[in-house]
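A.B. asks: Below is one structure. I have some questions about it.
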Amino acid sequence: MAFRQSEHEMSVTSLDSSVELRSRSPSPQVFNPRKLRFADDDFDKDTPEGASPQHPLQQRPKLSSGEEQQLDSKIGKEGGDGDVSMSPPCQKVRALRLFSTPATPKTILQKSTTQCSNHLSAAAAAVNASRRSDDLFRLSERPRSLPLHNRKLPTQDTANVNPFTPDSLMAHNKKRCRTQFGRENLNLNVNAMQKYLLSDACDDDVTEEAGDSMREIHQQAPKRLALHDTNISRFKREFMQVNVIGVGEFGVVFQCVNRLDGCIYAIKKSKKPVAGSSFEKRALNEVWAHAVLGKHDNVVRYYSAWAEDDHMLIQNEFCDGGSLHARIQDHCLGEAELKIVLMHVIEGLRYIHSNDLVHMDLKPENIFSTMNPNAHKLVEVQPQQTKDDDGMDSVYEELRHSENLVTYKIGDLGHVTSVKEPYVEEGDCRYLPKEILHEDYSNLFKADIFSLGITLFEAAGGGPLPKNGPEWHNLRDGKVPILPSLSRDFNELIAQMMHPYPDKRPTSQSIFSHPILSAVDSKSKLQLGLELTVEKRKNEILMNKLREAKKQIKLLEQRVNLLAVTNNPDSLDGQRCLRSFTRRMRTPFSSHGKFDSISDRNKNVITNI
């Protein structure tokens with residue numbers, strides 16, 4: 001018993017000495033360590049005024065078992081629900097506990113979190129020391145744990161950035177030092193993060209400023225949205241599937257009818273889920289290219305795209321004429337029809353090249369045709385009075401029964417890339433030039449010209465094309481066979497487009513202005529008749545507008561004259577006199593075809609002249 005008392009006295013003595021050492025040491029301006037002041041607030045309340053309160057380690061109030069349980073529950077509430085209490089469970093052990101007492105791993109982890117919160121609170125106090133002294137004392141006495149990984153950053157609306165838009169291409173063209181860009185972003189991120197973390201101890205203005213800085217970070221460094229984040233259900237809800245148009249390597253194309261507008265569309269759906277796979281970038285690349293290039297008459301029109309069940313779906317224009325590949329399976333095309341194909345495709349290709357983009361997969365399977373839906377309507381509304389004068393009765397009759405009026409369009413833009421920052425994925429080797437297979441991307445425009453030239457060669461009867469072997473090399477070494485069904489000029493043009501050196505191939509603009517594609521030679525009689533009908537219809541509409549404009553001008557003149565008369569009553573009398581005088585002057589002589597009784601100077605009456 002004596003040994004226990006001496007041990008207790010030694011522990012109390014050590015505690016007293018530690019308290020004295022802390023009291024003698026000069027108080028620094030930094031935050032003091034956390035003190036074990038358990039139930040100290042209740043003890044201070046019970047101390048009468050004027051009496052000096054004793055330290056809780058020297059004299060502690062005697063508590064009953066019920067009060068002890070209430071005290072422990074109060075301490076547990078201050079520590080937080082579910083957190084391990086920093087205080088020992090027993091009052092005697094609590095009095096003997098020092099800061100260097102070993103603790104469990106959970107308490108060590110909680111201490112580290114507390115120290116981190118103390119550090120953040122100190123930084124916040126350094127910024128706002130003049131205005132928030134009370135909050136600093138509260139933070140130093142009872143620091144609050146602040147888990148950084150649970151901090152919720154402000155949610156932002158995000159969207160993809162299309163790399164094929166003119167703004168994106170201009171942004172890529174601006175050269176900028178990587179180190180400078182990294183430093184600016186680093187400074188912006190650090191400053192914004194500091195402001196945001198200290199927002200609890202700062203004013204609302206600082207919080208708003210930090211939030212704005214974080215928004216600037218999100219806007220300046222956009223991320224590509226994954227397909228998982230954009231999954232929506234539209235296919236079965238908005239469209240009714242009619243049949244399958246075609247099946248490719250990566251997707252299936254359906255002919256669908258929109259339930260709302262009743263129009264027919266072609267919806268391309270990927271065969272396999274592309275979200276998170278290696279084909280995700282290619283699917284997004286096709287959507288971006290369609291969104292930028294789908295505004296030309298010779299490019300398949302784009303309407304919308306979405307991700308559904310991790311599959312990519314693209315809503316495009318429905319081309320009722322099918323592909324050029326299906327068209328040349330039955331018969332080879334003649335020179336007249338090949339000129340039409342070349343004229344339409346080169347117009348679409350020239351539009352793509354004008355946007356600093358290249359197709360990189362031009363072939364008969366990716367060239368589609370559509371019938372002109374307005375050809376028969378324009379013939380029906382043609383005025384009857386003009387048919388007798390223009391001598392085009394046979395043309396109109398041929399237009400009524402014609403089904404050969406087609407427009408060729410370029411589709412399947414999955415391999416489209418920019419010439420300034422090319423990301424080339426090789427397409428069909430049967431239509432690619434040698435330099436692309438050798439990874440020479442210095443002249444990508446001419447690669448599309450080669451693909452178009454060999455496509456015309458196949459459509460004219462030069463197919464099927466080989467995938468390898470001597471014949472494959474001969475076609476790329478300038479040894480192009482002469483096709484007997486084509487003229488000499490057309491054979492020479494195809495040979496120039498398939499020249500082994502890219503620099504010697506013609507551009508899309510030079511092909512468009514080639515003499516072989518003149519306005520008269522490249523258009524058939526049916527197309528000329530259709531264009532004539534369209535122009536006459538336009539003239540008729542303009543004439544109707546001119547008549548309406550003349551009527552409006554006449555009404556305005558009458559209103560102006562009426563206003564002038566009402567404002568000037570004197571002018572009204574003058575106008576009346578003038579009208580009466582002019583009316584008298586206009587009155588003819590009263591004669592009925594003969595002069596009746598006209599007298600002369602000699603007073604002789606002349607009758608019956």
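Cβ atoms here come from the backbone N, Cα and C positions, even for glycine.
What you are looking at is a predicted structure, and each value in this text was computed from that prediction instead of being measured.
Pulled the feature table from Swiss-Prot, pasting it below:
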- Ile245, Gly246, Val247, Gly248, Glu249, Phe250, Gly251, Val252, Val253, Lys268: ATP binding site (BINDING)
- Asn366, Asp412: Mg(2+) binding site (BINDING)
- 1-10: compositional bias 'Basic and acidic residues' (COMPBIAS)
- 37-48: compositional bias 'Basic and acidic residues' (COMPBIAS)
- 153-165: compositional bias 'Polar residues' (COMPBIAS)
- 239-517: domain 'Protein kinase' (DOMAIN)
- Ser23: phosphoserine (MOD_RES)
- Ser25: phosphoserine (MOD_RES)
- Ser27: phosphoserine (MOD_RES)
- Thr47: phosphothreonine (MOD_RES)
- Ser52: phosphoserine (MOD_RES)
- Thr165: phosphothreonine (MOD_RES)
- Ser168: phosphoserine (MOD_RES)
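I'd like these features described in context: how deep, what's nearby, how far apart.
C.D. replies: Here the Cβ of Val253 (ATP binding site) has 19 other Cβ atoms within 10 Å, regardless of which shown protein chain they belong to. In the three-state DSSP scheme, Val253 (ATP binding site) falls into the strand class.
Applying an 8 A CB threshold to same-chain residues 6+ apart, the list for Asp412 (Mg(2+) binding site) reads Gly248, Glu286, Asp361, Glu365, Asn366.
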A.B. asks: Once the chains shown are all counted, how many other Cβ atoms turn up within 10 Å of the Cβ of Glu249 (ATP binding site)?
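C.D. replies: I count 7 other Cβ atoms within 10 Å of it.
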A.B. asks: If one looks at the chain holding Ile245 (ATP binding site), which residues at least 6 apart in sequence have a CB under 8 angstroms from its CB?
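C.D. replies: When sequence neighbours closer than 6 are ignored, Ile245 (ATP binding site) has Val253, Phe254, Gln255, Ala266 within Cβ distance under 8 Å.
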A.B. asks: To see if you understand the setup: which same-chain residues, six or more apart in sequence, place their Cβ under 8 Å from that of Gly251 (ATP binding site)?
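C.D. replies: For Gly251 (ATP binding site), the qualifying residues are Lys268, Lys269, Ser270, Lys271, Met312.
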A.B. asks: According to DSSP, folded down to helix, strand and coil, what is Ile245 (ATP binding site)?
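C.D. replies: Once the DSSP labels are grouped into three classes, Ile245 (ATP binding site) ends up as strand.
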A.B. asks: Inside 8 A of the center formed by the CB atoms of Ile245, Gly246, Val247, Gly248, Glu249, Phe250, Gly251, Val252, Val253, Lys268, which other residues of the chain have their CB, for the recorded ATP site?
C.D. replies: Lys269, Lys271
